[in-house]
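Going by TrEMBL, these are the annotated features:
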TRANSMEM  15-33  transmembrane segment
TRANSMEM  45-62  transmembrane segment
TRANSMEM  68-87  transmembrane segment
TRANSMEM  108-129  transmembrane segment
TRANSMEM  135-154  transmembrane segment
TRANSMEM  174-191  transmembrane segment
TRANSMEM  203-223  transmembrane segment
TRANSMEM  235-258  transmembrane segment
TRANSMEM  264-286  transmembrane segment
TRANSMEM  298-319  transmembrane segment
TRANSMEM  325-343  transmembrane segment
Amino acid sequence: MPSVKSHYGLGEQSLAVAMLAAGVGAIAALLQAGRIVARHGPRRVALAMGVLSAACIGALLASRSYGALLGVMLAYGASASLFDVAINAEASEIERRAARPLMSGFHGMFSLGGMVGAGAGSALAAAQVAAVPHLAGAALACSALVLAACARMLPRVDGGPQEGTPLSLPRGPLALLGLLAAIGLVAEGAMYDWSVLYLRQEIGTAAATAALGYTSFSAAMAAGRFGGDALRARLAPVAVLRGSGTLGALGMALALLVPHPAAVLVGFALVGLGFANIVPVLFSAASQVPGVSPAHGIAAVSSAGYLGMMAGPPAIGFIAEGRSLGAGLALVVLFAAAVALAARRALPR
C-alpha cells in the first residue's frame, strides 16, 4: 500500500476509496458466488480466480491513472472473494470426510502465505528492488502456486447453495455468526492494508522494518491456527472465541498506546494470535446449524466475513483522513472486544 500511495500520489481518503472499490467488486461477486461455485465446482473457480487475482496484483502499478487503479482493485475484489469461497468449500468437504478438526490448519496455511510474502517483501525492500518488478514477480509466483495446488484439489465438491440460487447474506441462526465473522475480519483486513503504513507513517520506521509489522501478525496467526485444531478439541467453542477476542483487543491496544517499533510488533503479533481461530470456530458452528446444509452455512458466513474484511480498511482510512491512522485502528480494539462479549450468545458452551 505505501508503494501504491506514492505511485499515484494519493492521500488516505483516495487510498481508502481504492480499497472500497475492491469491496464493491467483492460484494458483487459474492451475490453470485454460491451459484458459480455450485455450477463449476471449487477447483475450476479457484483456478480461474486465483490466477486472475494474482494478475491484478501484478497490474497495481501498471498505470498512473487513478481510474485504472480503481478498475484493478474492483477486479481484485471480485476474483479474490470467489477464490475464497471456493477454497473454503473445498476445505469444509475435506474436514467432513476426515471427521476431525482441520479448518484451523487450512487457515494457518493462509497466514503462513502472508508471512512468507511479507518477509519476501521486506527482503526485497531492503535490497531496494523497485516496486514494479517486485509485484510482477509476486504475481508470477502466486499464479504458479495456484496452478500447482488446484491440480490436487478434489474433482468436484458441492460448493454452496444449489445452482440457480444466489448467495445471500446470512439470516436466522447464521446472522450473529455472520456478524461476528464480519467484525472479526475487520482486524485481518486492517493488518493487511494498514499495518505497514502505520509503522512507516505513525511510528517513523524504515520500509524494511515496517514490512515486519505484517510479518509478525501473520507469523503469530499462523502459529495460532496450526495449534488451533488441538485447542478446539480441548476447549468449548465459546471459551476459544471469548479468549480470542480478548487477546486481540489487548494486542491492538498495546500497539496503539506504546509508540515504539518493538511494542507495535509485539502488539500486532498478539492481534494475530488472538484472531487466529475466530473464523475457524465460526465456520465450524455455521456447518452445524440445524436445517442448514454445512456448505450453505459456511458460504453465508464466509461471505459476511469477507464483507467485513473488505469494508473495514476503507472505514479505517476515512477515520485516518479526519483524525489519525491510530484513531482508525482503534476500531480493531472495539470490534475485538465485541467478539469476546458476544461469544456466549453466538455459540454453545
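Note: Cβ is positioned from N, Cα and C throughout, glycine not excepted.
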Exercise for review: For the transmembrane segment (45-62), name the stretch out of 135-154, 174-191, 264-286 with the most CB-CB pairs under 8 Å.
Suggested key: 135-154
**Study point:** the transmembrane segment (135-154) touching the transmembrane segment (203-223) per 3+ Cβ pairs under 8 Å rule
**Key:** no
Review point. Against which stretches of its own chain does the transmembrane segment (68-87) lie, if we need a Cβ under 8 Å and a gap of at least six residues from its ends?
Key: 4, 8, 17-19, 21-30, 33-34, 36-37, 42-43, 45-46, 49-50, 52-53, 56-57, 59-60, 62, 159-160, 167, 299, 302-303, 306, 310
Exercise for review: Grab the same-chain neighbours of the transmembrane segment (108-129) for me: Cβ-Cβ under 8 Å, and only residues 6 or more beyond its ends, written as numbers and ranges.
Suggested key: 138, 192, 207-208, 211-212, 214-215, 217-219, 221-226, 228, 272, 276
Practice item. With a Cβ cut-off under 8 Å, give me the same-chain residues at least six positions beyond the ends of the transmembrane segment (325-343) that come close to it. Key: 12, 176, 179-180, 183-184, 186-187, 190, 194, 197-198, 201-202, 238-239, 241-246, 248-249, 252-253, 255-256, 271, 274-275, 278, 312, 315-319
Check your understanding: Taking a Cβ cut-off under 8 Å, which residues six or more beyond the ends of the transmembrane segment (235-258) line up next to it in the same chain?
Key -> 180, 184, 187, 198, 264, 266-278, 281-282, 284-285, 326, 329-330, 332-333, 336-341, 343-344, 346-349
